[in-house]
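Enquirer: Swiss-Prot feature annotations, pasted as is:
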type     : residues      : note
DISULFID : CYS40-CYS103  : disulfide bond
DISULFID : CYS50-CYS96   : disulfide bond
DISULFID : CYS87-CYS125  : disulfide bond
DISULFID : CYS114-CYS152 : disulfide bond
DISULFID : CYS118-CYS142 : disulfide bond
DISULFID : CYS172-CYS245 : disulfide bond
DISULFID : CYS175-CYS247 : disulfide bond
DISULFID : CYS190-CYS295 : disulfide bond
DOMAIN   : 35-155        : domain 'FZ'
DOMAIN   : 172-295       : domain 'NTR'
SIGNAL   : 1-24          : signal peptide
Amino acid sequence: MPRGPASLLLLVLASHCCLGSARGLFLFGQPDFSYKRSNCKPIPANLQLCHGIEYQNMRLPNLLGHETMKEVLEQAGAWIPLVMKQCHPDTKKFLCSLFAPVCLDDLDETIQPCHSLCVQVKDRCAPVMSAFGFPWPDMLECDRFPQDNDLCIPLASSDHLLPATEEAPKVCEACKTKNEDDNDIMETLCKNDFALKIKVKEITYINRDTKIILETKSKTIYKLNGVSERDLKKSVLWLKDSLQCTCEEMNDINAPYLVMGQKQGGELVITSVKRWQKGQREFKRISRSIRKLQC
């Protein structure tokens, strides 16, 4: 299948005999955005959200009102985990049509995502966001976008959907479920610097890593070795390189977790995470192991 701006333009215009009237350049932000002329910019390599998208140039200001590439880069990174969740095959296409709308020489108008593209992505991805405590934002409400009989970025046809045989995403090492006996649990506890029962207050993403801010009042300390109370007062843990893998074990921001990890370069890095399920046999074993821990 041909790729690039030309093929994308053909896809967008396939059901149109003419371009029709412009629907306005900007959907969001201050009214004066609509008077600012957009211009084409190369999509930078460090715009990870849109890495591998099938066009090279984007418009600024974009459809979210970002006027500089710095603004785009700062805001786009927070959406990478949603793409990594693979809740819908067109999540990246939808988000990039807003953060980095395609810029075509043949067209002065900024092309918006179609209403149906938004609806399909929202239906599949809003529950994933909700599990982490984040509602679908107002700025992405689908009523803002044109119907499919207008000029817009469409939902992929079934020919373009990810095949069922697509390789499963890699699971983060710290999040892999393991069948451990008491000796295994003791060994894991002893080789780590800390073991905590936590609840999550906030999750943010910095570069390739997940920053986990803890609810301080719900924290239970089981083990500290080389980690001070002062370190824990920061109430910040890190899951390294987590944007390159998935962590289904930690997909509910309201659940308690047992986390173990090590102090690395002044940061508390998680090496093991388990959702705490009261009464489950595994956690009864872990509690027993912690009480008689002798490393």
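Backbone N, Cα and C atoms are what each Cβ position is placed from, and that goes for glycine too.
Looking at the shown structure, can you explain where the listed features end up?
Expert: CYS40 (disulfide bond) falls within a strand when secondary structure is assigned with DSSP. CYS40 (disulfide bond) has a Cβ environment of 13 other Cβ atoms inside 10 Å.
In the three-state DSSP scheme, CYS50 (disulfide bond) falls into the helix class.
A sphere of 10 angstroms centred on the C-beta of CYS125 (disulfide bond) encloses 22 other C-beta atoms.
The secondary structure of CYS152 (disulfide bond), as reduced to three states from DSSP, is extended strand.
Secondary structure at CYS118 (disulfide bond), as computed by DSSP, is helix.
The 10 Å shell around the Cβ of CYS245 (disulfide bond) contains 16 further Cβ atoms across the protein chains shown.
Secondary structure at CYS175 (disulfide bond), taken from DSSP and collapsed to helix, strand or coil, is helix. The Cβ neighbour count for CYS175 (disulfide bond), using a 10 Å radius over every protein chain in view, is 20.
Remark: CYS190 (disulfide bond) has LEU293, CYS295 as non-local neighbours, by Cβ distance under 8 Å and separation of at least 6 in sequence.
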Enquirer: Please name which of the disulfide-bonded residues listed here, CYS40, CYS103, CYS175, CYS245, CYS247, is nearest in space to CYS96 (disulfide bond), Cα against Cα.
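Expert: That would be CYS103, nearest by Cα distance.
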Enquirer: Among the disulfide-bonded residues CYS50, CYS103, CYS114, CYS125, CYS152, CYS172, report those whose Cα falls within 10 Å of that of CYS247 (disulfide bond); none is a fine answer.
Expert: CYS172
Enquirer: Given the disulfide-bonded residues CYS40, CYS50, CYS87, CYS142, CYS175, CYS245, which lie close to CYS114 (disulfide bond), meaning Cα to Cα within 10 A?
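Expert: Final answer, ordered: CYS142.
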